[in-house]
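**Student:** Questions regarding the structure given below will be posed in turn.
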Amino acid sequence: MPAARGVKRTASKSSAATTSTAAPKNKKKRGVTQLEIPTAPKKRGRVFTCGQGDVGQLGLGEDVIETNKFKQVTALGDKVVDCCAGGMHTIALDCDGKVWTFGCNDEGALGRPTAADSEEGAPRAVALPGRAVAVSAGDSHSAALLHDGRVYAWGAFRDSHGSMGLVVRGREGKACREPAPIDVGEPAHAIASGGDHLVILCTSGSVYTMGCGEQGQLGRLSQRSASRDARQGFSALLTPGKVTLKGGACRVWAGYHATFALHAHTRRVYAWGLNNYGQLGITGEKRKTALFSPVECTAFTPTNNWTRVACGQHHTLALDDSGQVYAIGRCEYGRLGLGGNADAEALEAVPRLRGRRCVSIAAGTCNSFAVTDTGEVLAWGMGSEGQLGTGASCDAEEPAPAPAPPARHVAAGGQHAVLLTDDPVSQKEESPAPEPETAEQKTDEAREDEEEPQVPEKKKPRGTKRQKKQEQEDEVSSTSSAAQPHAPNDAKPQKVNGDEKKETPMEVDETDNATEKKEEPTTEEQKETETEPEAEKTEPETEPKEESKPETTDTSSQETTDSDTKSQETTKSEDKSNDVEMAEEKSEVNGEPELVEPKQVEGLLPNPTPLTTTA
């Protein structure tokens, strides 16, 4: 198939879409709200991570390969305004519009060059042509929305055949290790990343998708056309195409193999993609099938004002404006938080979260998270890699508290989680407030953070992206098997090389050598300590002390006679006898005679001063 035909046909569709959106006033008459390019969040905070970190996705250093408690990524400071978690990498957006990435870079998901493994795990900025206001992360790709509505992406998408690249080069797809522009012909309002597809919501309400479409997650290609082996091949998949959604959307969300959109006028939820466990909330004849075009989610009643949807591999969470969290789909490992052993065929409120007002939710591969308006973090589902952050590396069938500073946003990756907390320092600066912290107080706080070093654990071979991706693909049924009542059971993510990893208890060094101050001994104390048997028995310590004697008032070392020089070259026993004889003689300091007290044996001096030695 000539590549030009596919490109030409796609271009004509794009031009038609642009023409249809040229008159926003007509759309307003039909009830569609014209969207605006968003601005970046203003509230700053700190980033905390937990879970599996064998490829640097935690940003906690090379020695930390797993932790079941949230730990701060100190390299990012307290200026982060947004964050997201990919399959094996993490993205942070700071208040200056810079995008920071760390984690696995096998297929360019970091958007920057990394010559060594240590560079992957250290947060570094991505070179973008403008300020970013939003970020998203998928399994092996990343994206950023700039302040002027442009979208840039990097990395690669994957399908059942392996890597399919990110952009079209000739007849093949090619991965991008640096940000590449994604042009849809109009400014973007929001972006969302699924496992291997990207969703772009434009200011006109139009929805564009690109990437893998085998499970119907693109919503614009038939089952036969949603493969790289189809006639148009990579061109139809990697070129952004418009989804037919009459009236447009005002919000979009993406899951591992599905996409959700909130209708701009009716406020109803539409979805397309994998629905083999009913995770899309679609009942009737289309239940438990792969949907290749938008279908209204009957489980999402329009009476609830849905503010956020988070879709995992086989389950979905939904949050309404009252702060209540609902779950639907597969129940294995407790990912629904309903406390039962049966799949949920309809949206059910999570019992343990009743009475709490949640402001943020996230769905990982087989786990779930929620953050309340008080900053409390709760997690449930699979936790074998410590990804729940509860302090235990085990599954939780119901929401359990995860110890962490007050948070406002949570994101879930393949086997790790990312938390964005409030910055108490910035809050103090904004309020009329109390006295600012002194430099000593800030130093103490920084020292306290440093006094909790991560204990090096056993180093494990870094699992390749392809190996871990294959483990997850074993869980997902193909399009042909998606129509079956139940897909093959998904297995828990395997450990690297099959080794069971346990977190080593943290050890804190309680002695602070940097702050401990020792008093310098006086002249008399030095004289007394020189007579002590312990000091005389240690040869390496006595010799350096004689070199430093000119700084003291010890007259026996300042005036050196010929007989003294000869005595130093003799045996040590002679040195000791000579020192005693010399101590009884008068010496002269600054031209004035001074009587030096004879040396005495330890135990005869009144209130002897303890010997102080320094290495």
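Going from the start of the chain as shown, residues are counted 1 onward.
A Cβ is built for glycine as well, from the same backbone N, Cα and C atoms used for every other residue.
Any TrEMBL annotation is an automated prediction that lacks curation.
It should be emphasised that the depicted structure is a prediction, and the values quoted were computed from it without experimental measurement.
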**Student:** Select from 148-171, 196-219, 388-411 the stretch of residues annotated by TrEMBL as region 'Disordered'.
**Tutor:** 388-411
**Student:** Could you give me the DSSP helix, strand and coil counts for the repeat 'RCC1' (97-148)?
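**Tutor:** Helix (H, G, I), strand (E, B), coil: 5 helix, 19 strand, 28 coil.
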**Student:** By DSSP, how many residues in the repeat 'RCC1' (375-423) are helix, how many strand, and how many coil?
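**Tutor:** Across the repeat 'RCC1' (375-423), the residues distribute as 0 helix, 25 strand, 24 coil.
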**Student:** Could you tell me the mean pLDDT the prediction assigns to the repeat 'RCC1' (45-96)?
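**Tutor:** A mean pLDDT of 97 is what the model gives the repeat 'RCC1' (45-96).
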